[in-house]
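What TrEMBL says about this protein:
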- Cys424: active site, nucleophile (ACT_SITE)
- Cys308, Ala309, Gly310, Pro311, Gly312, Gly313, Lys314, Glu333, Asp357, Asp371: S-adenosyl-L-methionine binding site (BINDING)
- 17-38: compositional bias 'Basic and acidic residues' (COMPBIAS)
- 206-488: domain 'SAM-dependent MTase RsmB/NOP-type' (DOMAIN)
Amino acid sequence: MTGSFEGGRRSGGGRSDGGREGGGRFSGRDGRGRDGRPPRGRGSAVDVPRRAAYEAVAAVHRDGAYANLVLPGVLRDLGLRGRDAAFATELTYGTLRQEGTLDAIVAAASGREVARIDPPARDALRLGAYQLLHTRVPAHAAVSATVDLVKAVAPGATGFANAVLREVASRDHDAWVAQIAPGYDDDPVAYLAVAHSHPQWIVRAFADALGGDLDETARALIEDNERPPVHLCARPGRADAVELAEEVGGLPGAFSPYAVYLPGGAPGELDAILDGRAHVQDEGSQLVAAALAQAPLDGPDDRWLDLCAGPGGKAGLLGALAVERGAHVTAVEVTEHRAVLVEQATRGLPVTVEHADGRTVEGTFDRVLVDAPCTGLGSLRRRPESRWRRQPSDLPPLTRLQRELLGAALRVVRPGGVVAYVTCSPHPVETQVTVTESARRSGYPVDLVDARPLLPAGMPGLGSGPTVQLWPHRHGTDAMYLALLQRSA
Ligand SMILES: C[S@@+](CC[C@H](N)C(=O)[O-])C[C@H]1O[C@@H](n2cnc3c(N)ncnc32)[C@H](O)[C@@H]1O
């Protein structure tokens with residue numbers, strides 16, 4: 001293992017060119033902000049894309065916002081489009097993904113714990129350090145633009161920020177990692193955590209899920225720091241993936257027959273989304289939902305249940321497949337507003353939405369999906385702040401709920417029926433342990449069905465079965481886990 005950063009690649013598919021000087025710079029007099037917010041309108045020297053990124057990053061830390069929800073509003077408010085919006089997006093997502101390592105570098109460069117730096121100055125420094133270490137922005141432009149930002153949001157820290165940024169700029173990322181990370185041979189997990197900006201407990205969980213292979217763990221971490229493409233699901237019976245790809249200027253997916261990879265842009269504005277022919281859905285989610293629909297089954301096959309349905313991605317795909325198969329889907333969701341989203345996502349499909357706790361569901365079903373609430377460690381590339389928010393202490397309540405939901409599914413599936421247990425997390429405690437424990441405690445005879453033949457033929461890297469773990473670095477999907485359990489007849 002060398003100390004090289006991201007195997008030679010850089011976040012966002014290469015260094016971005018953010019060194020442009022014009023394009024929306026608000027120039028003029030000194031612009032002081034209040035409450036750490038840069039001033040709006042004339043009078044600020046902060047250029048607009050950096051200001052947008054600062055506002056989004058600050059909202060994530062100050063208000064507990066989610067970057068994917070807050071950023072579109074900020075871009076809209078500031079009128080950013082095209083290259084400027086792309087640059088603001090890269091700064092926001094990249095800074096949040098790299099935050100752990102950037103903080104360690106800023107601490108080393110400043111000789112001060114980042115917790116002791118005022119939040120506005122701290123966020124501005126993170127953005128500046130990201131530009132210096134992960135983009136093609138020339139160092140002088142990154143330093144001066146960040147000093148302008150600090151002037152606006154934390155005027156008292158301007159000199160400090162200038163000095164810290166100059167120190168950060170004195171080394172590249174690899175040299176900083178070599179300086180601040182423990183030696184790989186001494187503590188590989190701690191090294192990987194610093195080199196690839198993940199908390200150690202997540203590095204450990206990935207390594208466990210990958211059978212202890214630390215080289216592959218590094219590849220998984222590297223992929224988490226890349227910008228993922230948007231995936232569409234062409235709804236069976238309503239759209240064809242090849243034709244949809246042509247229509248939207250995308251590419252048909254590598255594995256799911258419904259998947260289309262979008263080159264970029266705003267998927268919500270596509271005609272195919274607006275008229276219900278397609279929805280946004282990671283290809284891995286498509287594959288696990290389709291695998292449940294294809295699992296071999298003797299006897300009746302028209303009562304399908306989605307026990308954790310919100311916001312309705314998999315219910316939408318199952319509903320479209322149910323049309324072709326003459327089946328009906330009951331979609332259960334405990335959170336009211338998410339149940340409304342499921343209604344919207346399944347309009348016109350044979351799906352009944354129930355706003356209820358899945359643990360109390362009654363009835364008898366032939367196929368059941370438990371897409372369990374989980375840590376979401378499998379989609380860190382799409383949720384840049386999530387790796388720093390999640391804690392190991394989240395696991396016990398989540399795994400208890402997962403066991404109870406899977407237990408309820410095993411109770412309502414008919415003998416001979418199939419349950420798909422799915423998480424968007426590769427954490428072994430949420431995957432293997434939950435499945436083994438739930439099956440053992442259910443009191444029903446349960447067999448694990450080999451899920452691999454239910455995924456597209458020739459799909460590589462599916463392991464030795466019977467469960468399947470998808471990975472961004474192997475399959476280009478989120479790290480979805482799938483176990484298929486069949487109640488013995
Ligand atoms: C991983 S998400 C499901 C994603 C969904 N299947 C999709 O593809 O769009 C888990 C969902 O389970 C819901 N949930 C949590 N506890 C639940 C419970 N006790 N009963 C039913 N739904 C629950 C959450 O509100 C959340 O919407």
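Cβ atoms are placed via backbone N, Cα and C, with glycine included.
The recorded positions under consideration are Cys308, Cys424. Their Cβ neighbour counts within 10 Å are lowest for Cys308. Fewest Cβ neighbours within 10 Å among the binding-site residues Gly310, Gly312: this applies to Gly310. Taking the Cα atom of each, Lys314 (S-adenosyl-L-methionine binding site) and Cys424 (active site, nucleophile) are about 13 angstrom apart. The predicted model assigns the domain 'SAM-dependent MTase RsmB/NOP-type' (206-488) a mean pLDDT of 97. The number of other Cβ atoms within 10 Å of the Cβ belonging to Asp357 (S-adenosyl-L-methionine binding site), over all protein chains shown, comes to 14. Between the alpha carbons (Cα) of Gly310 (S-adenosyl-L-methionine binding site) and Cys424 (active site, nucleophile) lies a span of roughly 14 Å.
Between the farthest pair of Cα atoms in the S-adenosyl-L-methionine binding residues (Cys308, Ala309, Gly310, Pro311, Gly312, Gly313, Lys314, Glu333, Asp357, Asp371), the distance is 19 Å. Between the alpha carbons (Cα) of Asp357 (S-adenosyl-L-methionine binding site) and Cys424 (active site, nucleophile) lies a span of roughly 20 Å. Comparing Cys424 (active site, nucleophile) with Gly312 (S-adenosyl-L-methionine binding site), their Cα atoms are 15 Å apart once rounded.
The local packing around Lys314 (S-adenosyl-L-methionine binding site), expressed as other Cβ atoms within 10 Å of its Cβ over all shown chains, amounts to 27.
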